[in-house]
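Notes follow once the structure below has been shown.
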Amino acid sequence: MAYNPGNLDSRLLSGERSSIQLIFSYVLDWAIIILVAAVGGVLYKITGYRHAFSLEDPQISYPLLSDTVSITVVAIVACGAPAITILALSLLIPSSAIKTSSHGDGGSVWRRRLWEWHAGWLGLGLSLAGAFFVTSGLKDVVGKPRPDFLARCDPDLSNVADYIVGGLGLKQASAPIMVTSSICRNTDASIVKDGFAAFPSGHSSFSWAGLLYLTLWLSIKFAVRFPMPFRLTPQIGQRDRNNSLAQTTHDPIPTRSSATAPPLYLLLLVLSPIGVALYICATRYADYMHAGWDIMGGSLIGIFFAWFAIRWYHVPSHAGEFLDHSGWAWAPRCSWAAFGVPFGTSYVVAREPRRNTSGYEDLELGPVP
């Protein structure tokens, strides 16, 4: 969703109303996120493709170990912890910061806090649901054996010939032969099924989707980024051009004085979720659950969805033209374009002022006098 932060004041003069239609548009967002997650759950449960394998393959001959970090712990760490953190910090946003950024007043302070909470959770849900769906689908399609697969399988070595599906071993004794999962004697079907879920790593994708999202969210809220030279926004520049006093009494800001590095303790705070994600990924390799490429593939999926979700619902903190609004979520959609805008236009174009003389209430900022 695109939004022009410079339009915020004009929105307060435009007469946009909160409406059932507007609220329902965000209910639809949540419904889509829940649907994607539910489909991912179905894909996670079904039995997918099972790749043929060689009984002599050393890459799937590792011992079967228990999880150092269980999937339940991953869910708590990658979903529960970010959700609680976003809730707590959103509700603790100083009222002075809200009034400075949006000229809010009274009830609008709590409306902005609740909106930041809602947008933060929307992004988190989008990131986790998207990563879960893609990961589950790829596991079913690829069906790659885990490094510990033979230990899970307990193959029937007395009747190998009954399960051969290919390989040069049929013609040359020293060459490998390929067999199917039907050779497995393990009566616990779930253990054998899970043995074909090596690529991509679900622990890795889910942990990166939740914990990198939290890192990005914290970084924009606390302005933890590489220092960038200050650039005037069009609104600031216009005010300066129209203010002769400012033109005559203010010296240009030297480049080296226009930005500075944030304190290192904030950097440690922001990066700590990434450290947890890296630890979870490392345990998957140490537990013989995944090869390196499996972990890298899962990590890339989680990284992509975390980046996508934070950009979808939040103003980028690195762009100079958004300097006055960095750290905040995009404002709510306007009610008259809650489900889209006409073909060939954009949300920026569509958000022209629409005046209403009977009073109005903004979804994010509340009643405006």
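Don't overthink the numbers, they just go from 1 along the chain as shown.
Each residue, glycine too, has its Cβ placed from N, Cα and C.
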Feature transmembrane segment in TrEMBL, mapped to one of the ranges 211-230, 291-310: 291-310
Local confidence of the prediction over the domain 'Phosphatidic acid phosphatase type 2/haloperoxidase' (124-310), expressed as mean pLDDT: 87
